[in-house]
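So the structure is just underneath, and the comments pick up after that.
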Amino acid sequence: MPKTQDLVWSDWRSQLQHRIQTLEDLQQWVHVTPNEAEAIRASAGKYRWSITPYYASLMDRDDPNCPIRLQSVPALQEFQFFPGAEPDPVGDTVYRKTNRVVHKYPDRIVLLVTEVCAVYCRHCTRKFHTTDLEGTYFETSEAASWEQDFDYIASHPEIRDVLLTGGDPLTYSDEKLELIISRLRKIPHVEVIRIGSRYPVLLPMRITPAFCAMLEKYHPIWLNTHFNHPKEITPEAAEACDRLLRHGIPVQNQSVLLKGINDDLETMRSLLHGLLKIRVRPYYLYHCDNVTGVSHFATSVEKGREIMRGLMGHTTGFAVPQYIVTTKLGKIPLWETQVHRDEQGYWLENYQGEILRLAKSDGY
């Protein structure tokens, strides 16, 4: 592991300050391939990239197909044309009500609190947010600029659930996060606050006792994180999740099905079992969105369904996530139904393909 001058390994701010952001930096950690080097040069002014020293330490120095490298190091495929790819396939721009509020579903909103991440995942759905320099997507970040966002939420009593995401909200200090969360807690109809953060995976030292104690004051708080590969389930990541759980913060995982990273049954099952061991509940398995610069990670829907068939009935029920795709119309399940209907009633199919007719009654 390279010796980075002045890096305090256990300090999350120091990790952020010493992110790998140049070809020369990366060459200290891995043997960079010509394709990786060309992609890094092509990314300048197009797509941001950076990697925390912690996440870089998980990379295989000699394998360009390492799942950690594939998720974090730019690739030339990001600049290829893929039919149907678009910058915003999930419709953030369509449903945006203020600079930060995306109101897509009746009773819940997304609050895009920042565009900054510690690591810019190459498969990010919101990659169009990261096509400029850090700090420029949202025009202002002072407290006064948040008033329109809080006013919108307060004036819509149907909003009971607020998801803080971005970017990664945990890039902010505890103090700034508390300003946002405490303000939301003053709105009577906001029942649930969720935080979407990959920092338990990419920067686990961010999950400090002080941070968890702050969140604990504002329950119910939920945290959704994003493990994609068993290699990411390290002792440090497990400790970060355990700390959240011990402060009463449920942790759920939202994976993305990624070609060459986790699109085989053995890897996916290992990931899901590993998550259960650290008490993180598998929640969603997202089909990779057809995002400009991301489409090379996409598998076929049938590949995802094949993996789901290999999981259902073959492992613990709550280890099996919901397989869904996010669209402008909302989240749509992709898993095939195991209930069939004809004029005589319902047929049920189990995980081994065996068929059973459901006895008919007045109820169905």
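Numbers here mean position along the shown chain, with the first residue as 1.
Backbone N, Cα and C atoms are what each Cβ position is placed from, and that goes for glycine too.
Annotations in TrEMBL come from automatic prediction, not curation.
According to TrEMBL, the feature [4Fe-4S] cluster binding site maps to Cys117, Cys121, Cys124. The domain 'Radical SAM core' feature in TrEMBL is assigned to 103-319. What TrEMBL lists as N6-(pyridoxal phosphate)lysine is Lys331.
Known features from TrEMBL, placed on the structure.
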{"residue": "Cys117", "record": "[4Fe-4S] cluster binding site", "DSSP class": "coil"}
{"residue": "Cys124", "record": "[4Fe-4S] cluster binding site", "DSSP class": "coil"}
{"residue": "Lys331", "record": "N6-(pyridoxal phosphate)lysine", "DSSP class": "strand"}
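Mean pLDDT for the domain 'Radical SAM core' (103-319) in this predicted model: 94. The residue listed as 'N6-(pyridoxal phosphate)lysine' sits 17 Å from Cys124 ([4Fe-4S] cluster binding site), taking the CA atoms of both as reference points. The number of other Cβ atoms within 10 Å of the Cβ belonging to the residue listed as 'N6-(pyridoxal phosphate)lysine', over all protein chains shown, comes to 15. Long-range Cβ contacts of Cys121 ([4Fe-4S] cluster binding site) within its own chain (separation 6+, distance under 8 Å): Gln71, Ser72, Arg198, His226.
Burial estimate for the binding-site residues (Cys117, Cys124): highest at Cys117, by number of other CB atoms within 10 Å.
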